[in-house]
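The feature transmembrane segment is assigned by TrEMBL to 47-68, 75-95, 101-122, 129-148, 160-180, 192-211, 223-243, 255-274, 280-297.
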Amino acid sequence: MNILKTIALGQLLSLCICGTAITSQYLAEKYKVNTPMLQSFINYCLLFLVYTVMLTFQSGSGNLLYILKRKWWKYILLGLADVEANYLIVRAYQYTTLTSVQLLDCFGIPVLMALSWFILYARYRVIHFVAVAVCLLGVGTMVGADILAGREDNSGSDVLIGDILVLLGASLYAVSNVCEEYIVKKLSRQEFLGMVGLFGTLISGIQLLIVEYKDIASIHWDWKIALLFVAFALCMFCLYSFMPLVIRITSATSVNLGILTADLYSLFFGLFLFGYKFSGLYILSFTVIMVGFILYCSTPTRTAEPAESSVPPVTSIGIDNLALKLEENLQETHSAVL
C-alpha cells in the first residue's frame, strides 16, 4: 500500500513538472517569450507570500526572526543553489541538444546518492543500485525514441557550454534536494519552503533585473500570455509544496527517480499540442522507468548514525519513531536524575 502511495505521489509531481514544461514551450514557440528567471521569480514570490508569511506567525524556534538570526547564511546558500539549478538547466537548451539535456540531467541522481551517503548517512542495498540502473536505461530508451521521432532538430550553438551548464544545474539540484530532505525530516516543511521563498525571491529578483530586463520589456502582454505565466507559476508552486511531503515519507533519491517520467508525460501531451511523432519506445521507456522506481521503493534504505552515536541503524521510514524513542529516553534520564 505504501508503494502504491509513493508511486501515485511521484507521478503527481511528474505531472506538475509536465505542466511547467508545456506552458514554457507554449510561451517560447507561440509567443517567443523566453524568460525562465521571471517564471521562477513568480513561483518564489508565491512561496514567500504563503510560507514565509506563515513563519512570521510561528512561535519559538519556528519563528522567521529566530531562524534568520541563527541560520540566515545557510539558507542564502540553499536559495542560491535552488535558483541557479533552475536557471542553468533552462539556459542549457539554448546551447546544447535536447538529448544531451535529458541524458546529462540524470547526472544529478548519482550526485544525490553520494551526498545522501555522506550528509544524511543513507546506506543503500544492491537492489537500489540495480533500480537506478534500470531507471537510467529507461531514460536512454526515451532519448533513443526522441532521435528516431526526429525531435533532435536543434543542434545547439555551443554543445560543450550547454553540457557543462546541465552538469552544474543537475549537481545544484542534488545539493538542493539533499538539503530539502534534511530540513523536512529534521526541522519542518514550512521552514524549508519559507526560507526558499524568501531568499529565492531576493536572488531571482536581482538576477532577473540583470539578465532578463530586455526580454521582459519586449513581451507584448495579453491575457493568453498572462494565463500561461499563471499556469506555470501554479504548477511550480504545487511542485514545491508537494515535494517535501513526498520526500518526508520516502527520500530525495526516490523522488528524483519517480519524476524521470515527467519528460514522457510532456511527450504524450506534445503528441496533441505540438504535433510530435509517436513511437512505441515511449511506452517501453515509461514502463522501464516505473519498474526501476518500484524496485527502488520496494526496499527502504538504511540510515547509519554518525560514529559517535550509539543509536542503531534504522530504515528511512522509521526516522519519526527514532525521534520519539530518543525523546522518551531523555525523559527517563531526567526523571532518574530528579
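Every residue, even glycine, has its Cβ placed from backbone N, Cα and C.
Counting C-beta pairs under 8 angstroms (sequence separation of 6 or more), the transmembrane segment (280-297) fails to reach the transmembrane segment (223-243), with fewer than 3 such pairs. Looking at 75-95, 160-180, 223-243, 255-274, the range that has the most CB pairs within less than 8 A of the transmembrane segment (192-211) turns out to be 75-95. When Cβ-Cβ distances under 8 Å to the transmembrane segment (255-274) are tallied for each of 47-68, 75-95, 129-148, 160-180, the top count falls to 129-148. For the transmembrane segment (47-68), the residues of the chain that approach it from at least six positions outside its boundaries are 75, 188, 190-191, 193-198, 200-201, 237, 240, judged by C-beta separation under 8 angstroms. Under 8 Å from some Cβ of the transmembrane segment (160-180) lie the Cβ atoms of residues 78, 81-82, 84-89, 91-97, 100-101, 104-109, 111-112, 115-116, 119-120, 192, 243-244, 247, 252, 255-256, all in the same chain and six or more residues away from its ends.
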